[in-house]
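Engineer: Please find one structure pasted underneath; my questions will follow.
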Amino acid sequence: MALGRVGLAVGLWGLLWVGVVVVLANASPGRTITVGPRGNASNAAPSASPRNASAPRTTPTPPQPRKATKSKASTAKPAPPPKTGPPKTSSEPVRCNRHDPLARYGSRVQIRCRFPNSTRTESRLQIWRYATATDAEIGTAPSLEEVMVNVSAPPGGQLVYDSAPNRTDPHVIWAEGAGPGASPRLYSVVGPLGRQRLIIEELTLETQGMYYWVWGRTDRPSAYGTWVRVRVFRPPSLTIHPHAVLEGQPFKATCTAATYYPGNRAEFVWFEDGRRVFDPAQIHTQTQENPDGFSTVSTVTSAAVGGQGPPRTFTCQLTWHRDSVSFSRRNASGTASVLPRPTITMEFTGDHAVCTAGCVPEGVTFAWFLGDDSSPAEKVAVASQTSCGRPGTATIRSTLPVSYEQTEYICRLAGYPDGIPVLEHHGSHQPPPRDPTERQVIRAVEGAGIGVAVLVAVVLAGTAVVYLTHASSVRYRRLR
């Protein structure tokens, strides 16, 4: 009995463990059974049962780790914002192809604007121009692309175009080159009403500015309006002028950036014989505003002097900023020349003063001055001009008759390039005694003149006495 009970207990425990193993085996997620291709229920393969000898063989696959599935909310990328195309013309009351054109000085500019559907008989277009200051904000225009509704043209503008000129206020101010009878015409408007183009024939500092397009019916001319800003730019012209210097003078060169607009930064960088000049004390730059734009002049002075080495070559590099993002850069080079310092002498020979200058450039002449008179003396003669042994130079001589009234003489060289100091020589000479015969003649002439004057005075006095005597006698007779 005891042994039977023990055997029964062992059997039950064995069956329990077999059942647990079978349950765990069937519950394994990695165990799959492949039975041909998937299909409808009518095409499904028969069940895999050991009783069915013709059943297909099952192929177990190794267990695969489960893949963690992410929620769509965590993996989905944010959708890009929908692309918005240009607004349809039909939904906009005004649309211009360019609201802020920038064009070169002297170019021809066209601006096209489209307005609501209308007919010629009931619509009216006006275009007004407003001047803008240099580098100023838009001013009266709140936004270049904003459509103004029921807003009249602000005061202070000049009328450029009116599609109904017979309705134009007679007190309106037309812009130069616009209006009836304007010649030459600076503005023209072409195209059908509602799809018109404004043509600025020549863009200048005077024709740039803010243009206000105002559109409406004849009985409501300010229904819609829009602003267009027209800006002009003009690159600078660059020239370099290396100064001619005398021996002993420092080398110099001047660069000029002329007639550019707008007047943003124009920066110069100087190079002397290929080496940059960093000392600000050697560079002087000045900007000036002119009616046709701006001009900047920059001058560099070298530490080297003429005659102590070869001539210097200067290069100026100009960087002009058209706006905050655009700039242009140009270079100009030139070599300074050295002129010999002339020797000037003065001597008095007889009745003439003679001035001589050696080794002066061709084309240089003398100018004479006497005493404190700032006007050159008239009687000047160049006696001779000979070579002095240096190419392009000569020795010149000038003579001047001596003066009987002045004692101070100045002979000055004229015709040197700009920047050369005044070169002159001062001399003194006492007036020579006059010839005795000449003195006698002068005295005789002076005596004759005095005698004639006395005679004329006597004749006039006698005539006056006779006239007064005759007048008194006539009056006496009338009284009797």
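The backbone N, Cα and C atoms fix where each Cβ goes, glycine too.
Here Swiss-Prot flags 37-58 as compositional bias 'Low complexity'. The disulfide bond annotation in Swiss-Prot covers C96-C113, C255-C316, C355-C411, C359-C388 and rests on sequence analysis. The domain 'Ig-like' annotation in Swiss-Prot covers 236-328. If you look up Swiss-Prot, you'll see N40, N52, N117, N150, N166, N331 marked as N-linked glycosylation site. Swiss-Prot lists 30-101 with the feature region 'Disordered'. What Swiss-Prot lists as region 'Heparin-binding domain' is 106-120, and the listing cites similarity to another entry. The signal peptide annotation in Swiss-Prot covers 1-27. The topological domain 'Virion surface' annotation in Swiss-Prot covers 28-447 and rests on sequence analysis. According to Swiss-Prot, the transmembrane segment annotation covers 448-468, on the basis of sequence analysis.
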Engineer: Identify, among the glycosylation sites N166, N331, the residue whose Cβ has the fewest other Cβ atoms within 10 Å in this structure.
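Structural biologist: Sparsest of the glycosylation sites N166, N331 by Cβ contacts within 10 Å: N166.
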Engineer: Counting other Cβ atoms within 10 Å of each residue's Cβ, which of the disulfide-bonded residues C96, C255, C388 comes out lowest?
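Structural biologist: Lowest Cβ count within 10 Å among the disulfide-bonded residues (C96, C255, C388) is C388.
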Engineer: Between the Cα atoms of C388 (disulfide bond) and N150 (N-linked glycosylation site), find the distance and write it as a whole number of Å.
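Structural biologist: Rounded to the nearest whole number, the Cα-Cα distance is 84 Å.
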Engineer: In whole Å, how far does the CA atom of C355 (disulfide bond) lie from that of N331 (N-linked glycosylation site)?
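Structural biologist: Distance (Cα to Cα, whole Å): 45 Å.
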Engineer: Considering only the disulfide-bonded residues C113, C255, C316, C411, which residue has the minimal Cα-Cα separation from C359 (disulfide bond)?
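Structural biologist: For C359 (disulfide bond), the closest Cα among C113, C255, C316, C411 is found at C411.
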Engineer: Please report how many Å separate the Cα atom of N150 (N-linked glycosylation site) from that of C113 (disulfide bond), as a whole number.
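Structural biologist: The Cα atom of N150 (N-linked glycosylation site) is 18 Å away from the Cα atom of C113 (disulfide bond).
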Engineer: Where does N166 (N-linked glycosylation site) sit by DSSP, helix, strand or coil?
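Structural biologist: For N166 (N-linked glycosylation site) - judged by DSSP and reduced to three states - the answer is helix.
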Engineer: Counting across all protein chains present, how many other Cβ atoms fall within 10 Å of the Cβ of C316 (disulfide bond)?
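Structural biologist: Excluding its own Cβ, C316 (disulfide bond) sees 26 Cβ atoms within 10 Å.
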Engineer: Round to a whole number and give the Cα-to-Cα distance in Å for the pair C96 (disulfide bond) and C411 (disulfide bond).
Structural biologist: 72
Engineer: Using Cβ atoms only, which residues of the same chain lie under 8 Å from C113 (disulfide bond) while being at least 6 residues apart in sequence?
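Structural biologist: Set apart from C113 (disulfide bond) by at least 6 residues yet with Cβ under 8 Å, we have V94, R95, C96, N97, Q196, L198, W213, T226, V228.
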